[in-house]
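Per Swiss-Prot, the features are:
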- E302: active site, 5-glutamyl coenzyme A thioester intermediate (ACT_SITE)
- G277, I278, G279, N280, I281, N392, G396: CoA binding site (BINDING)
- T2: N-acetylthreonine (MOD_RES)
- S350: phosphoserine (MOD_RES)
Amino acid sequence: MTISNLLKQRVRYAPYLKKVKEAHELIPLFKNGQYLGWSGFTGVGTPKAVPEALIDHVEKNNLQGKLRFNLFVGASAGPEENRWAEHDMIIKRAPHQVGKPIAKAINQGRIEFFDKHLSMFPQDLTYGFYTRERKDNKILDYTIIEATAIKEDGSIVPGPSVGGSPEFITVSDKVIIEVNTATPSFEGIHDIDMPVNPPFRKPYPYLKVDDKCGVDSIPVDPEKVVAIVESTMRDQVPPNTPSDDMSRAIAGHLVEFFRNEVKHGRLPENLLPLQSGIGNIANAVIEGLAGAQFKHLTVWTEVLQDSFLDLFENGSLDYATATSVRLTEKGFDRAFANWENFKHRLCLRSQVVSNNPEMIRRLGVIAMNTPVEVDIYAHANSTNVNGSRMLNGLGGSADFLRNAKLSIMHAPSARPTKVDPTGISTIVPMASHVDQTEHDLDILVTDQGLADLRGLSPKERAREIINKCAHPDYQALLTDYLDRAEHYAKKHNCLHEPHMLKNAFKFHTNLAEKGTMKVDSWEPVD
C-alpha cells in the first residue's frame with residue numbers, strides 16, 4: 001500500500017513502516033467478547049479509523065449484538081463509542097462516558113457499566129481487578145491508541161490527551177497505533193510516568209505544577225505493535241454552552257470569595273493551583289477569573305477547555321497541567337496559532353498523576369465541580385438522577401474534592417421541568433445517591449449565593465445551605481422540613497443530623513408523580 005509523506009514524517013521508527021495497514025485490514029483480529037483499551041480522555045485523543053471500520057463491518061454484515069466488546073477508556077471517548085452503543089457492540093464499559101446513545105443503553109440494561117475514581121481506574125485495571133473472569137490470565141487483548149508521532153525508539157507521542165494509555169499499553173497483549181496526521185504533532189508537551197506496582201512504587205517527586213520527570217512519550221515493546229494505521233480525522237468537540245446569567249452569578253460569588261480568602265491570608269495572591277470541571281458553569285468561573293485581575297495563576301486539573309485560553313492570552317495563567325486538552329475546533333485553531341508560546345506553559349500527564357490524591361493534597365489544589373444535587377447536610381450526588389438513572393459517571397470529582405485544600409461545588413439553584421420552570425431544586429432534604437460525603441465539601445455555590453461550610457455542625461450546615469444556596473421557591477419548604485426534622489429528632493435523642501425518613505425523598509417522589517419538587521405537605525411523623 002502507498003504510505004503518505006505525512007505518515008513517513010510522523011513515524012520515525014523505520015520498522016513500523018512495514019506494519020502500516022488500512023483500518024479495514026485489521027477486522028479479522030477482532031472477535032466477540034474481547035477486552036479492548038482505547039486511548040482518549042473527554043472525547044479527544046481517541047482512536048477513530050479502526051473503531052469506524054468495525055462499525056462499517058457490523059453494518060454491512062448485520063452483526064449488531066453479535067460482535068461485542070468489553071471497552072475500557074480513560075474517561076469518555078469520542079462519538080465512535082456512541083455509534084458502538086447504537087450498534088450493540090459494547091458488553092461492558094468503564095469508567096466514564098458521555099453521550100445519549102451510550103447512556104440510554106446503560107440505563108436500559110444493554111450495557112453493563114461501572115464508574116470508578118479516575119485516579120484509580122487505570123491502576124486497578126493493571127492489577128487484574130476488572131478481568132477476573134478471564135481464564136487465560138490476560139487483561140486486554142488489544143489497545144488502540146492514537147498518536148501524533150512515533151519517536152526513533154518506537155515510543156508513542158500521544159495527542160491532546162494521555163488518560164490511561166500508559167497503563168493500557170502495559171497490560172495489553174497487542175497494540176494498534178493510529179497515527180493522526182490531521183492533527184499537528186503534540187511532541188514535547190507530555191510527561192509520562194509509567195505504572196509501578198506496590199510494594200515498589202515511589203512517591204511522585206513533583207513539588208510544582210511545572211515539575212516533570214522528563215519522559216515525553218509512552219514506551220512500548222515494538223513486538224506488541226501489530227499495526228500502524230493512518231488516521232485523518234480530527235477530534236470532534238461540540239461548541240461550549242455559552243455562559244448565562246446563572247453561571248455568571250456563580251462565578252461572581254466565587255471571585256468575591258477568593259478575594260476575601262486572600263484578604264484574610266488563607267490564600268496567596270495568586271491563589272493555589274486550580275482544578276475545574278466541564279460545562280458552562282466551569283467555563284464561566286474561568287472566564288470570571290480571567291477578568292478578575294488575579295495574576296500568576298497555575299492549574300492542576302483533568303481537562304483544559306477553551307476558557308483557559310483567555311487566561312493564557314491575557315497573561316493571568318503561568319502554567320497548566322492536565323491529562324486532556326479538550327478544545328473546540330475554534331479553540332484548537334487559537335492554540336495552534338500561538339503554539340510555540342502555548343506549548344511551553346502546558347503539560348499533559350497520565351490521569352493517575354493528574355488526579356493523584358497525593359499530588360492534589362501536596363499542591364493545595366482548589367477544586368471546583370458541578371453536582372446533580374446536594375442535600376441540606378452537604379452530601380453530593382454527581383452521577384445518578386433520582387438515585388437510579390446514570391448520567392456520565394463519577395469522573396475525577398471525588399479524586400479532587402476529597403483531597404483539595406478547598407473543595408467547592410457549584411450548580412444552579414433550580415432547573416426546569418416540562419411543567420415548572422423551577423421544578424427541580426438542586427438542594428434537597430436527602431441526596432438520592434451519594435458520591436461525595438458531607439466530610440468532603442467545603443464550599444457550595446449556586447446563583448443565589450455561597451455557603452461556607454468549613455467547621456460547621458450538620459445543623460449549622462443545613463441552615464447555611466438553605467439560606468445561602470436554595471432557590472427562593474424552595475427555601476420555605478426546606479426550612480419547614482428541617483424544623484420538623486429537628487422537632488422529631490429532639491424527641492428521639494437523634495439531633496446530630498436530623499431527618500424524617502418518611503419525608504426524606506418526598507422531593508423526588510413528588511417530581512416523579514407531578515413534575516415538580518414543590519411538595520404540598522409533609523407526612524406526619526411521631
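The backbone N, Cα and C atoms fix where each Cβ goes, and this holds for glycine too.
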Binding residues G277, I278, G279, N280, I281, N392, G396 (CoA) - maximum C-alpha distance in whole Å: 18
Candidate nearest N392 (CoA binding site) in space, where candidates are the recorded positions T2, E302, S350 and distance is Cα-Cα: E302
Neighbour tally for G396 (CoA binding site), based on other Cβ positions within 10 Å of its Cβ: 28
Neighbouring C-beta atoms (10 Å sphere around the C-beta of G277 (CoA binding site)): 24
Cα-Cα distance linking E302 (active site, 5-glutamyl coenzyme A thioester intermediate) and I281 (CoA binding site), given in Å to the nearest integer: 16
Alpha-carbon spacing, I278 (CoA binding site) to the residue listed as 'N-acetylthreonine', which is rounded to whole Å: 41
Closest of G277, G279, N280, E302, G396 to S350 (phosphoserine), Cα positions, recorded positions only: E302
I278 (CoA binding site) in three-state DSSP notation: coil
For the residue listed as 'active site, 5-glutamyl coenzyme A thioester intermediate', the number of other Cβ atoms found within 10 Å of its own Cβ: 30
Spatial neighbours of E302 (active site, 5-glutamyl coenzyme A thioester intermediate) among the recorded positions T2, G277, G279 [C-alpha, 10 Å]: G277
Residue, out of the recorded positions N280, S350, whose Cβ gathers the largest set of other Cβ atoms within 10 Å: S350
For the residue listed as 'N-acetylthreonine': DSSP state (helix, strand, coil): coil
